[in-house]
Structure formats: C-alpha cells, structure tokens
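Heads up: the structure comes next, in structure tokens.
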Amino acid sequence: MLVSVIIPAFKKQHSIRENIESVYKALTSTRYKFELIVVVDGFSADGTLTEASKVVYPNVVVVGYEHNRGKGYAVRYGMARAKGDVVAFIDAGMEIDPNGISMILEHMIWYNADIIVGSKRHPVSKVNFPFVRKIYSLGYNLGVRVLFGLKVRDTQTGLKVCKREVLEKVLPRLVVKQFAFDVEFLVVANHLGFKRIYEAPVEIDLSKDYSGTSFKKFLFFEPYIRGVLIDTLGVFYRLNILGYYNDSSNRNWIYDRELDMRVNTGAVKRKFGSKYVADFETGVLKDIKFSVIIIVRSINDHLRENIDYIKRQKYKNYEVLIVTDAQDRYDFKDFRFRLLCSGVVGPGAKRNYAAARATGDYLVFLDDDAYPHEDWLAAAAGVLSNNDLYALGAPALTPANVGILEKGSGKVLESSLASAGAVCRYIPVASRYVDDYPTVNMFVKKKSFFEVGGFTEEFWPGEDTKLCLDLVARNGGPFVYDPSPVVFHHRRNLFRPHLKQISRYGMHRGQFAKIFPGNSRLLSYFIPSAFVVGLFAGPVLSIVFPVLWILYSYTLVVYAGLLVYEATKVVLSERNVFLGLLVGVGIFLTHVVYGTCFIIGSLKRPKLALKRINLATGNYIDG
C-alpha cells in the first residue's frame, strides 16, 4: 500500500525543514511505502519554498504557486498530485506530533474506514489546548453536528487520512479554499455515502500558537472565526438549498490547470438542460486540433501583431486560416498558416468560407485586432479535453501598453455600470454558463457549427449572437465561459471610434430584441434606452406633473454618484485623474448612444455596412 502525505505550508520558512524531517522520520517507522508532498501556499510570501527545497529525499516532492490561496486550496493542490492508495494531510508547524500518522494508518486498516480524523477529543489524545480555544472549538463542533449530523467530535484538527476512492469522488466537488475545508471534505464524503468516518488519538500542543492563529477579538469580530463561520454556512447552503454536491445538480465542471483535474467551479448561474459529470481523469490532454479563423478586409498592422503572437503558442496542434477580400500575399514562414480570399462579403460569409476549409476539431474565432496569450490554446485544450463542450467563450482583455484613449475605452467596457452582465467578455471572472458570446475569442466544435448551418450571413454585427442562439437551441442548453484562454483585444479610442462601435452594437441588439428574443431580451439591454427616454422626457413631463421633478432629480443624483464611483475606481487603480474623467464621461456617452441606437434598431433594420479601410495601410478607419 502506498501512502501519500500532504503538508500545506504558508510562511513557515523558519520551521518547514524541521517539519519535513520529522514527518519523514515518522513515515519511515511505518510498514508502508510513502510519498511526501509539500505544498507551499504562496512562495512569494517568504522563503518557505527555498527552505523546503533543501530537504532532499527521493520520495519527497516540493510544489507550490506564487500567491497565497488558503489551506483548503493547498491541500487540494497536493491531493490532486498524490498517487497513494491512502492519502493523508497534516498541518505544517510543530503543533501535531507526526508520530500520530502511524496510529491513524493502523486505524484505517483496523476499522476498514473511509476516513480517519485526528481528534483532540479522543479519550486517549494528549492535548495542550488554551482554554479560549477549547470553548470556541466545543461551540463550533456542536454547531457542525447540528447542521450536518456528522458523528465526529472534532473536525478541525489538521491530521486526516482517507481512501483514494473517497478522494476521487469528493475532491473535485470541493469549493472552500480557506477556513472550513476540513468540514466541507467530511460533509461531502458523508453525503456521498462514505459513512465509515472514525476518530483517532493525536498528540497536539497549541499552547504557543505556532500556527499564527490567535484570538485577540471576541467571536465574530475575530477574522478567523468569522471566516470559518461564513465558509461553514456556505457548505450548508450548497448542500441543503442548492443540492450542489449531488450528481444530478447543474454544476459547471471544468478542467483546472493548476489542480490538473476537472473540478466543480462553484458557478451555478443558470439551470438549463446541460449537466456536467465529475471525472477525476487528470493530466492527459486530448490531441485536439484547433482551426483558428481570422477575417480581415486586407492585411493590416493589428493582424501582423496577431500572427506573431499566435506563433508563440505552447500548444502546437493548430492551423490558422486568414480570409481577405482580395488575393494577397504574406510570408508566414509557418506551414500552419493559410491565406484565403472570399471576395467582398460580410463577416458571417467570410467565417463560413474558412470553416468549410478547416481541418480542425474546433473552430476558433479570433478578431484580427486581438492577439493571444502564449497559453491560450493550451488552456482551451485543458477545458475542452475534460468536457464534452459544443462551444466555449473566453475573455478578451485590454492590452496593457496602449494609449490613454484606448485604455479609457477598455475601462468603460470593463465597468459593470456600462457592460452589466457582459463584463465577463472584457475581464476574467468565474466560470459560468452563457448563451451569447462574441467571436473575438470563441471556440465552437466544428460538427456543432455545421449542424446549425454556420453563421447567418445577412447580419453584422450580430452574426455571432444568431450563431449562439442556434447552438443553444440545437444543444438544449447554454455553453461554458472559462477565464483561462485569454486574448488581448485592442479597443476603439475614446470617443468617436468607441461610440461608433457602440452604436452598431445598440442597433443590432435593438433589432434582435424584436426578431430573436431568445438571447436578446435581457433587462440590461433595455435599461440604457429607458435611461435616454427618461433623461430627455423627464423635464417635459415634470412641467405637467411637478412631483416628477423630485424623482427625476434623485435619479440623476444617484446616477452621477455611480459615475463618480466608477471614475474614482479608475483613478485609484491607475493613478491617473484624467483617465478617470475620460471613463466617467465615456460611460455616460455609452449609455446615451447605445440606448438611442437600441430604439432605432428596434424600429428600423440596420443595413449591413462593411468597415472602411485605408487602402494604403489596410488598417480600419474609425470604428
């Protein structure tokens, strides 16, 4: 039997070497083969990683990540890499005598247990425990027994062992990264039918508070206690209200690159027919071939930048199809790039033309004025390899080194006040389901693409909205948004180019709200129009109904306050007052232009008008 032991460590540079040595010595005294995995929970915090790496044994592995994520995440990180038939974790520090591991392992065998919990309340445990912590511990464990019915007297001692079968079922479902990881682990295991949970004695000395956890404030005023209680109530809510841990629930299972396995993301945004099934298969990416499709009117500066970044991809199984209006030449110096000519047609027709000639498993729609992170396709492969997804959307961030007018446009789009629920398109947020996504950074299974007939060629913009509507209808539910496959998308400068683009968005959404209600009748799409009507009609109506002046005035004050708040956030984050002013004005004008054009689009169908280009450079003019 192989035993894997995880040691999560945060800011332990002065004790981690001694800690590893003592645990290693304790494990050598057992009758089992073992591996020891030390997880440094944020190696940028101090020298823990350096000190831990000085302990060199063939069966000791030191891993970690740059920033602190919490004990729960660190344990998950280590467990995902464990190969043992039995997996244990013990807190770093010298509070718990590691010789107790031997006792716990024998308890696993004697009781044929699913999980053994090191318990301060076991009759033969030797515990030096401050009185205040005894009171808090007693009260907390009483609450846990009432909430979850766990027949365990101590859930928080940092020494536990479980069978691999338990690990494989439970670990991908866990959400808690910090305070109540132990409780969530035990509760979910018990909920899934692993009832053989027993306690074993430990020897523990908490009198000197080696962990750094001190209680200087009373109950809920103490951050640690408050965090534990909030996490615990979160577990109760997910278990009993959402049914979140059940196999039948609508959870978003995705591939987590750091944990190297499929995990439950914690995002339950919409409940449609799509369900994801947990799978512990790790580390092996399917050999997915991507067909990256970029449409342009002619070769331009942004496209040249894009091509350069695509060539830097760490994931190599891809082809790139670039479609222009007229025959052109470009020395790609890479056989995976192809230059196609479609004639002067709309974006939908161009993409369909390229898709018909693509040889990949997934079509990847990327704008010419965007460029990918080097891990872009690798991240997408990780998500798609471990999920049977028909489509995937991912964020398009504003590049860092751009001018203030372009940055201002990006900040406007990144504001929830301007973009509402669509803000996930412009900044990375938690994974979720979506039913509409732009083709600046979108992956679609080729088979699914052709099942719905590809893009409708009569619309631009909006051809991507119609494609998403067809895909969702065909597949019975929405698709996944994941923040990991990142691209960087150049914005239109404030103000004229930005507002010209916004006007097109408003026109098409107004038209689609009338003819395609499936994903275009969200309340957030109508609010800017209501704002515009109220802004200009308010003074007139107030003459007839004077009482409306109060409502009108208060509304404007609240709105102005929100603009000031958004502008202030930019000033504080970017340390640039002028940029903050640009963003405040930009959000206001975005609302006015979008709201006005939404009304126009709902009354009159916008014509398909291709973007104008500079014939000398190939670059687009204005928006």
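Placed from the backbone N, Cα and C atoms, the Cβ positions cover glycine too.
Residues annotated as domain 'Glycosyltransferase 2-like' in TrEMBL: 4-170 (among others).
Here TrEMBL flags 291-393 (among others) as domain 'Glycosyltransferase 2-like'.
Here TrEMBL flags 522-541 (among others) as transmembrane segment.
The annotation transmembrane segment is assigned in TrEMBL to 548-565 (among others). Beyond the transmembrane segment (548-565), the same-chain residues lying 6 or more positions past its ends with a Cβ under 8 Å from any Cβ of the stretch are 417, 531, 534, 538-539, 541-542, 584, 587-588.
According to TrEMBL, the feature transmembrane segment maps to 577-603 (among others).
Taken residue by residue, the domain 'Glycosyltransferase 2-like' (291-393) breaks down under DSSP into 29 helix, 28 strand, 46 coil. Taking Cβ pairs closer than 8 Å, the transmembrane segment (577-603) reaches residues 404-405, 407-409, 411-412, 415, 417-418, 494-495, 498-499, 502-511, 513-514, 525-533, 535, 563-564, 566-568, 570-571 in its own chain, all 6 or more past its ends.
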